[in-house]
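According to Swiss-Prot, the feature signal peptide maps to 1-19, an assignment based on sequence analysis. What Swiss-Prot records for 20-41 is region 'Framework-1', and it gives similarity to another entry as the kind of evidence. If you look up Swiss-Prot, you'll see 20-115 marked as domain 'Ig-like'. What Swiss-Prot lists as disulfide bond is Cys41-Cys106, and the listing cites sequence analysis. Taken from Swiss-Prot, the feature region 'Complementarity-determining-1' applies to 42-50, supported by similarity to another entry. Look at Swiss-Prot and you will find 51-67 tagged as region 'Framework-2'. Taken from Swiss-Prot, the feature region 'Framework-3' applies to 71-106. Residues annotated as region 'Complementarity-determining-3' in Swiss-Prot: 107-115.
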Amino acid sequence: MAWIPLLLPLLTLCTGSEASYELTQPPSVSVSLGQMARITCSGEALPKKYAYWYQQKPGQFPVLVIYKDSERPSGIPERFSGSSSGTIVTLTISGVQAEDEADYYCLSADSSGTY
């Protein structure tokens, strides 16, 4: 049985000079191929801001996989989905494939794009 580690670094973001917000992710998530992965991100700013999820593979630029909590950009497989509940947002990967092994980052931004 193959295990796919999904690395989830802690990410801290600032919104201008007014305030800083800390978003917390677990250090890692490992799942078997074909299983469902749920990656959470928590932070007090999340009820007031949208969550964005990026996937980054070694040696590559980050790729946006979810925006505005649950929207999926064109070209991103349907197995990627996002949800939000209070101070917690979740990236779900249904039927994890080997190519999904990557670092996943969450960040928050308001509707104007301010982080």
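Glycine residues also receive a Cβ, built from the backbone N, Cα and C atoms like all the rest.
Taken as a whole, the region 'Complementarity-determining-1' (42-50) shows an average pLDDT of 90 in this prediction. For Cys41 (disulfide bond), the same-chain residues lying six or more positions away in sequence with a CB closer than 8 A to its CB are Leu23, Thr24, Gln25, Ala51, Trp53, Ile88, Val89, Thr90, Leu91, Cys106. Look at the region 'Framework-1' (20-41): DSSP puts its residues at 0 helix, 15 strand, 7 coil.
According to DSSP, Cys106 (disulfide bond) sits within a strand segment. Residue counts for the region 'Complementarity-determining-1' (42-50) by DSSP state, with H, G and I taken as helix and E and B as strand, are 0 helix, 2 strand, 7 coil. When other Cβ atoms within 10 Å of the Cβ of Cys106 (disulfide bond) are tallied across all protein chains shown, the result is 26.
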